[in-house]
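Participant: Sequence annotations record features per position, and here TrEMBL assigns transmembrane segment to A:6-34, A:55-74, A:80-105, A:117-137, A:162-182, A:202-222, A:234-254, A:261-281, A:301-327.
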Amino acid sequence: MTYEIIGITVLWLFLYGYVIVASIDFGAGFFSYYAKKTKKDHIINQLISRYLSPVWEVTNVFFVFFFVGIVGFFPDTAFYYGTALLVPGSIAIILLAIRGSFYAFESYGSKQSNVYMFLYGATGLLIPASLSTALTLSEGGFITETNGEITMNYLKLFTSPYSWSVVFLAIVSVLYISATFLTFYASRANDTEALKLVRKYALFWGTPTIIAALTTFIALGQHNQRHYDRMLDLWWVFGLSMGFFMISLGLIYIGKYYGLAFISVMLQFFFAFFGYGASHLPYILDPYITIYENATHQSTGIALIIVFIAGLFLLVPSLILLMKLFLFNADYVKGKK
Amino acid sequence: MRVEEAATTSPYVDLMFIFFFLLYATLATVGIIVLRKLFRNNPVEVELEKKYPSIEKGDS
């Protein structure tokens, strides 16, 4: 195993962590708005607001780590993606700012503002959609380099079925991950009313997740044949992902072992995410950046790997501690604290 | 590397500047409105009484 492979794996782990933790947060925001809209907020808002407050600060740490890591490890990514992602990245930052500030306005300001809540919920779905364009761009065909100048073909991006299927997959996955987590969380809090509602959400968003995954798969076959073939070589990884999806949906359906169901969802996305990432290699940006040609010097690379693994060892236990202290503290979950 | 060589070649910098300008303008306005609402119709005495109803009035 070369140091490039280890580096990209560690970075991919950070991105995976961000996908899971941020999905829960984004989805919870949307469900909070949706429940308000359908006049069911009195059932689950207690639960969601308990979840949302302490954790959402931590999610961005994963993302920042990933950014610093990828630019440090593969300096050319800054050059290519920096230009190409100016628009989607700026939109994502604007949406993040709107989301964060309107969450604050909602909780401190006027009590009955549906507009604030709408902005909070809607941006939760639009942020993953705009961030997912980075993955679409990485497949190549949208970014072209002529004489050292990077141009991005927005028309092609907006008319590509692949790019829309990725956006759809991102939104649906966010809702599914979040709904399964909230189901688990509600069962931990012994909140039967809320559990009934979020379990319904989880069951509802299960099927679209798989449909979106298959659509994306087919659309990728038309967009990037090489990547598609590599994915077919790794079929067993995606098979495992599908298997864990079945387990999670089955467990939620029979209404038992919600904790195990959520772990299955995490494993489902773990295998899908790493299967996608592994088949994407050696390209980071098809065809301009590969992990071998554009990696940083070996000594820097190894130093970065050590630092990032140390970072993981710091971040993951602190996340677990945070969850123990707040999220899964029995009194806190039930709202007694 | 000079500044002009390092700058992005993306032609959308102006547009993004407008977006960010609008974002901060909106946030500033809404922020001021929310803060005003928070303190205007909500004097400290009322808030304290609501929070600590057990303390009797005029008790010093």
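Each Cβ is built from the backbone N, Cα and C atoms, and glycine gets one as well.
All annotation found in TrEMBL is predicted automatically rather than curated by experts.
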Participant: Would the transmembrane segment (A:117-137) count as touching the transmembrane segment (A:55-74), i.e. at least 3 C-beta pairs under 8 angstroms with sequence separation of 6+?
Facilitator: no
Participant: Against which stretches of its own chain does the transmembrane segment (A:80-105) lie, if we need a Cβ under 8 Å and a gap of at least six residues from its ends?
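Facilitator: For the transmembrane segment (A:80-105), the sequence-distant neighbours (Cβ-Cβ under 8 Å, at least 6 residues beyond its ends) are 29, 52, 113, 116, 119-120, 123-124, 126-127, 130-131, 133-134, 137, 142-143, 145, 150, 152, 154, 285, 288-289.
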Participant: With Cβ-Cβ distances below 8 Å as the criterion, list the same-chain residues six or more beyond the ends of the transmembrane segment (A:162-182) that contact it, or say none.
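Facilitator: Answer is 19-20, 23-28, 30-31, 44, 47-48, 51, 124-125, 128-129, 131-133, 135-136, 139, 142, 194, 198, 201-202, 204-206, 208-209, 212-213, 215-216, 219-220, 222-223, 248, 252, 258, 261-262, 265, 269.
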Participant: With a Cβ cut-off under 8 Å, give me the same-chain residues at least six positions beyond the ends of the transmembrane segment (A:301-327) that come close to it.
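Facilitator: Same-chain contacts beyond the ends: 3-4, 6-7, 10-11, 13-14, 17, 21, 51, 54-55, 58, 61-62, 65, 69, 72-73, 185, 295, 333.
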Participant: Can you tell me which parts of the same chain pack against the transmembrane segment (A:6-34), counting only residues 6+ beyond its ends and a CB-CB cutoff under 8 A?
Facilitator: 41, 44-45, 48-49, 51-52, 55-56, 58-60, 62-63, 65-66, 69-70, 73, 99, 103, 117-118, 120-125, 127-128, 173-179, 181-182, 198, 201, 266, 269-270, 273-274, 277, 281, 284, 291, 295, 301, 304-305, 308-309, 312, 315-316, 319
